[in-house]
Structure formats: structure tokens, C-alpha cells
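What follows is one structure encoded as C-alpha cells, with my remarks underneath.
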Amino acid sequence: MPFLQKNLKQMASCIEDDSMILFSTSNSPEESTSASSSFHLSPLPALAQQHFKTSCKEVTVRNLSYSINPERSLCSSFCYLMKQEPKPINILKSVSFVARSSEILAIVGPSGTGKSTLLQIISGRVKDKDFDQNCISINDHRITSPAQLRKTCGFVAQEDDLLPLLTVKETLMYSAKFRLKEASAREKEERVHSLMHELGLVHVADSFVGDEEHRGISGGERKRVSIGVDMIHDPPILLLDEPTSGLDSTSALQVIELLSSMARAKQRTLLLSIHQPGYRILQYIPNFLILARGSVAYYGSLDSLEETIINLGFQIPMQLNALEFAMEIISPLVESNSNRRLSNETCNFSIWLEEEIGSAQQHSHNRSTENSLFLNFYEIMHLCSRFWKVIYRTKQLFLARTMQAVVGGFGLGSVYVKVRNDEGGVTERLGLFAFSLSFLLSSTVEALPIYLQERRVLMKEASRGAYKISSYIIANTIVFLPFLFAVAVLFAVPVYWIVGLNPSIQAFSFFVFTVWLIVLMASSLVLFLSAVSPDFISGNTLICTVLGAFFLFSGYFIPKENIPKYWIFVYYVSLYRYPLDSLLINEYWSVRSKCFSWQGEEELSKCLVTGYDVLKSRGLDKDTRWINAGIMLGFFVLYRVICWIILAQRAKRTTI
């Protein structure tokens, strides 16, 4: 009962404060006249008001420790063989503090002290086996899994992982569509409009987010968009990793001023890490947690920190504030804090509340299971819309693929104009098919940087439950199918008729279909390799190596019987082999009895090479065109399924 009374009292406090603060336009304890005074708080839409009165949260952390095992190197492997396991590295050591509603708690300390790790743990971005169930509680309710924290907390990473070719409004609108699935379209519009007013982004609503390569909004505005993306579902607890990193002093002040207003007006609990905040920023942060080598050096207000420093016998220089000076005397602070460390006793958590929450989660799970098919369709539909906007606005990719197809088609056609129907023509056709394959498969490499850029956004959104990885893969497939079909047609039409290949309409249709399957396979291969590549250089090297191996063992350079046994598996998985065989069968199967090389004079001439002989020399004595097409389609699906598995596993482990 005491626990229930405490929660009721806390909830009443939230409601009371709501009526007083919600419509306030003040951004600081003292009416600030800085440039950021344009920020104002607008009334919440109906959607946000549904959860507002229960959003008052208090985060308690007691004796939180965290260690990692060093990566296995040559030295550590030797130690392992000598039965000496490498010692784990302690990142955090018995960290304890309380973060209260309507306030900002700033986590400060030198680099490498565990600030980002602490935020990642509190936001639930650690593995279940590394999570201590006895260390974190919210409103005196013990948190038993990282998944609970991920549902409750919003987390803004240090890097702004946004799609540069979407506008500010589109970015927030897509976030609302993914995170607020049960809301109506009008409620989502209201939420986005309210959030843009709250973040001071109305004047750049239709501007592109941009990045280093694409001109867009300023760094401070981009940081506010990142905050908005993770606030769209109105989380009661918001954690920010270095929100002022890379910003000038004015932009940093505006961001902190904005966060302070949001914390007070909507009763949010805010935790953020920050490096040496300026003097004006300090007035917006009531409490500080100073970390040193993973331990708490100080926890409390700035005034109390000044008293602690004086009691330790130090005098704060006039040109420094207490926090800056504390960084210089970090060791004495650690020793002083160890003498007055918080008690190690654990809380008596309410069983009633755990059962209540468990029941609610079970109900939510049942409901989500019933609507899973609808939600998947909903996610796929909006992901397709976003994909198409990004592709259309990525002019260099759109134009490059189009120009490659057109120029490549006409260029190859101009080289092999009206190939003769003789023995030399047979060799030229084989060379044309081989080069076309190489050109088409290698032409998809330019999509790699776009996939790598999208991967970070995908990891962030998928780890937050915005949508499923499977929805992303399906949407990617749906959008690229017609786009790559247009590329295939633009390449195939000029090549086929300028060169003078098999004039049959059926043969031409199958040629276009095969070219389409080739670019689809290549697209899937690049998507798969982008999932396993750490960066563009590694990915580009990997793609070139794989395609080179596939081409070498396709049977064009080395006959199958001459391939070493330990490399024969590459022959069967080569993306070159099956389309090359299909193109040859498509060209010569209907003219198997036609003679392409004669010996002797016209009356006594003897046929040396027929269409059947050409096919037989390649081991193609049966019409396997559609079998090969099925195998190519299988490769297209297989690489995407493997990509889905890899990305799903990465999303589970991501800390973005």
C-alpha cells in the first residue's frame, strides 16, 4: 500500500504541474532573451494526451556495474592456450543515482569514463545476458529485461542517422507512421505539426535534412530533427548521447534550452551526456553525475559541488566554473564520494505492479499477433513510399543507372553491328554475352554507398520497433523490381536489334527477361554484401573479389572439366554460369540445324558447325533455359533472405 500511495501522489503531482506548465512559453527559469527563445510549447494532440498523465517517471540506478571481455587477439589467444583467460575490462563500477521527472540529469566526465555505455544500458541497448535485473527501477518498479527499457525510453544517439534526401516534415511524418501505427492519419499530422512547433523546426519543414554531400539544414536543426524522431511517440524518459557534440556554442545552448523546456512542460525525465558545458548551459541542468574511470566521482547539484570542492580544501579559480574545475581534481572527488556512497540495499519492488504490467504486455502481444498481417502490409506500403522518394531524389543513382543502360546498350551494339552468321560470328556472340554479363553485374556497385547509409537508419529504426526487417526487405524488392526492369529494357532493346541476334519475338522476350534477372541477382548480391561489409572500401573490395571469382569459374575461361576439384563449388554458385548458358541456348536452340561454317566449294561443301554443335561444345544438349531462369530467381531470393537474417541479427545487437 505505501508503494501505491507513493505512485498516486506522484501521478497527482504530474497532473497538477501539467495544468500550470503545459502552455508556458518560457524556456528557462529566467526569461531568456537568447536566439532560442523562438521555441515554444504547443498543446498536445489527443494522441499524446492519452498517455500524458501517467508519463511522470523516476529512474533509480543502484550499484550498476558493467564489464566487457577484450576481443581475442594473438596475445589473448596465446594466453587462452596457456589456460590464462584475459581479464574482463570494467567499464562501470557500482554507479548509483536517481533521475527525477521534469529535470535534466547531465552525465559528465573525461573521455572513456563510460558515459555512453551507461546511457546504452539505461536505454536497454545491451544483451539480455549482460543486463543486471537488480540495478535499474522506474517508479520503484524493477526492470527485468532490456526490452522493457526500450519500450519506455527514447534514445538519441550521438550521430544523426537520418536520410538526407527527405525533408524535415517527411522525416518526422514517416517516424510517426512507423511508431504510431494505431493513431489516425489526422492524429499523426497533429503530432508532427505540434512537434515541429515544439522543436522550432516549422521554418525548415520543407527543407532537406541533408548531410556532408547534400546541402540541407544546419547542424543544430539536424540535431533537433534527431530528437524529434525519437520523441514522436512521446516517451516519458529520454536519453541523449552528446546532443551538443559538433555544434557551436549558440546551437548547443539552443538544444539544451529546448530540452529543459520539454522536460518541465511534459514531465519528462531527461538524461544526457555532455562534454564541458558552457556557463550559460549550466543554468538549465539541475543535477550532474560526474564519472571517473567508471566510478561516480560526484552526484548532485552545481551548488552542492561547489561546497564539496571547498570542503576538500580547494579554491575554484575565477575563470572556471565548478564543473570545469572538478575535471581537474577528479581523483580527490572519487575518494570523497567513495566515503559517502549510497547504500547497497535493494528495493522492495511491488509484485502487484509487475503482475499488472505483465498482464498489459500479454494483452498487447495478443493484439499485435492478431494485427501482424495488417501491420506488415502497413509497414511495407510506407517503406515503399519512402524508398521511391529516396531513389527518385538520388539523381546520381537514377541517372547513372539509366545512362549506363542506354550507353552500354548502344555502345555494345555499335561494336557488334550485324554480327555475321559464320564461325567468327559464333565467337563474337559468345564474347558479346560474356561482356554483357560482366557489365550488367558490375554496374550495380554504385548502389553500395546508398545501402550502407540506409543501414544505419535501418538499424536504429528496427531496433526501436518502428518496423520489421522483413518489411524493409520486401519493400526494397517491390520498389526495385520495376526500376530494374526499366534498366533491363533500356539495355536489351538496342543491343538485341543492332547486333542482329535471333529475330524471333519469343527469343527477344526471353533475352529481356534474362537481362532483368541478371540485374536483380546483382542487386540482391550488393544488398547482401552491404549487410556484411563494415564500410564502402571493404564492401567494394568484397564485391569485386566475388564477381571476379564468379566470372573466372563460369566456364567461359576454364572448361568445367579443367576446374580444380576444390574450386568446383564456385562453378555451381557462379552468377555468370546460368545466364550465360541461357543466352546461348536462347540464341541457338531454334536454329540447331542451321549451319554456321562450311568446307569446300558450293556444290560439294560440307557443314562443319551447326547451332547444335555450338551448344554441345558448351555441354548444352538440352533446353534448360527455364531451369536456369528458376535458378537465377532462386539466387535473387536467396541473397535477400540471407541479408534479412544478417540484418535481423545485427538489429538485435545494435546500440544505435
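The backbone N, Cα and C atoms fix where each Cβ goes, glycine too.
Sequence annotations record features per position, and here TrEMBL assigns domain 'ABC transporter' to 59-318.
The transmembrane segment annotation in TrEMBL covers 429-452 (among others). Panel annotation: around the transmembrane segment (429-452), residues 390, 394, 396-397, 400-401, 404, 408, 412, 416, 419, 491, 495, 499, 501, 515, 518-519, 521-523, 525-527, 529-530, 533, 535-536, 539-540, 543-544, 547, 550-551, 554, 556, 575-576, 579-580, 583-584, 587 of the same chain, lying at least six beyond its termini, place a Cβ under 8 Å from a Cβ of the stretch.
Under the heading transmembrane segment, TrEMBL lists 473-499 (among others). Beyond the transmembrane segment (473-499), the same-chain residues lying 6 or more positions past its ends with a Cβ under 8 Å from any Cβ of the stretch are 379-380, 383-384, 387-388, 391, 401-402, 404-406, 408-410, 412-414, 416-419, 429, 432, 436, 440, 508, 511-512, 515-516, 518-520, 523, 527, 640, 643-644, 647.
Annotation comment: TrEMBL describes 505-529 (among others) as transmembrane segment. Nonlocal intrachain contacts for the transmembrane segment (505-529), taken as residues 6+ away from its ends with a CB within less than 8 angstroms of a stretch CB, comprise 436-437, 440-445, 447-448, 451, 476, 480-481, 484-485, 487-489, 491-493, 496, 539, 542-543, 546, 575, 579, 582-583, 586-587, 590, 625, 629, 632-633, 635-640, 642-643, 646.
The transmembrane segment feature in TrEMBL is assigned to 536-558 (among others).
The transmembrane segment annotation in TrEMBL covers 626-647 (among others).
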